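Engineer: Sharing a structure, written as structure tokens. Questions coming.
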Amino acid sequence: MSQRSERRGIHVDQSELLCKKGCGYYGNAAWQGLCSKCWREEYQKARQRQIQEDWALAEKLQREEEAAYVSSHSSSQTQPPQSQSQQSLATFSKFEEKKTNEKTRKVTTVKKFFSPSSRTAPKKVPPEKESEKEEKLQGRRESHGENLLRDLKGIFTQPWEMASPTEALVSRLRESHEGKTPSPSITRQSSIETDRVSRDFVEFLKTLQKLGRDIHKQSRGFIESMGNKNDLSAEELSECVQDFYQGMSDRLMNHFKGSSEKVDRVMDQVEKYIMTRLYKSVFCPETSDDEKKDLATQHRIRALHWVTIQMLCVPVDEEIPEVSDSVVKAITDIIEMDSKRVPRDKLACITSCSKHIFNAIRITKNEPASADDFLPTLIYIVLKANPPRLQSNIQYITRFCNPSRLMTGEDGYYFTNLCCAVAFIEKLDAQSLNLSPEDFEHYMSGQASPRQQDDPAAWPQSGSRVNPALSQIHHNLKLLSNLEKRQQEVTEGAQNLQTELSEWQDSVAREVQEILERYPLEIKPRASAIDAENVENDRLPPPLQPQVFAG
């Protein structure tokens, strides 16, 4: 089997990273292999088709209501009042039941865009006002279809224009009046980081003068409008943010006369400000299954802990200190991605991780790294790091990052490779690792390991490209064994020294005793002084003193 066929489970052609429509931009697995631009076009087409179907259904319901009313009104002219009222109510009841069933089954998308007033349940009418209800029934039927069509028209409004700051305030007042709990994103106090980003954003906009004030006003209005859309799905939240990006980018492009560099600089600041403020409400939202995907990915990576460098054909030698440092830095960067709030900062962590991987490959091979070497090494880094909330971070970048960053440039290339690496891990099988299906199942279930610990020959040898953790364990066991031997030697030496000291002390004591016995000590009386018995010493003349004579 050739090397290419052995690695076909890991190798990805560069053409596979591009958009399936052939536009030349990088695609994304979350967008069904399309780039951001083509995906938005397909999404808009599907959305327009759904809106047209909902609109046609709404018109059909309105016609049925009008026909039912005309039928009940014509029959009321030929029947007694009591039977007329009963038949009218029965006909209307059947029609309402049919209409409710059709709405529940088909008009789910339209309901999401209705205003609170259109979702308010009708109040019960007391029996004494039944006659007034019959009189007002015609007016309500005629206005019901108009209200339905008016609500549908709101779908075609741009997301950032659907709710102005004043409308958002009125909506919050209405919710508080109706006893609803305000949105946590509105009442949540700003964190220190949010305040810092807001100050930096204002300082940046001061350099743009009037344009900066307009950008700040539109950004704040968009953030307030997003506070009232917590019930939207993750895709709809993404659509709102991307529409705002697109509208803001178009206005900036007109203002700067097509200078893409200035537009990108402003859009980076806008993205940083908006996504820092909206992070807690749009990252891993409750309406998505991101958390479930995170747990599944973490469990999958933990189950693959036995995968070695040799199985993935990773051209990295971690025995080299520089390579080991690059691997550690790459793991640190991919883990640090979860601590960032702005999609651009998360992309920067992925880019930094990828550059450390390329550096490790270059040092190991002593030549520039290729794309075929990069992807398996990235898979190995992800398996070693097991980054927290990996799927949530990928989805967050996909949904809310400036699309131009994901479509071109090194950020888009590295992010696309990370998506491929995660997809490979999810679909990893025995053929991808050059293993038999039986061995793969045994390794996955924990019944066996690629290296049997009880077999000394199975331990990794120094310099071999194997799992560095097991190599380090083997090295540490050797050190512990040598230390144990040395400790035993030191203990034996200390005991011997203690015995020798005790014997030397006894021998010295015996020698001293023998010398004392051989040469006993005799103490003689002290001799007296020459003039000790001279009692007339006090009568002796004083000693002579030297005298100095002046010449």
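Cβ from N, Cα, C; glycine included.
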Engineer: Quick check on the annotations: TrEMBL lists coiled coil for one of 445-479, 480-514. Which range is it?
Structural biologist: 480-514
Engineer: Mean pLDDT over the domain 'VPS9' (291-434): what is the value?
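Structural biologist: 92, rounded to a whole number.
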Engineer: For the domain 'VPS9' (291-434), give the DSSP counts of helix residues, strand residues and coil residues.
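Structural biologist: Output for the domain 'VPS9' (291-434) reads 111 helix, 0 strand, 33 coil.
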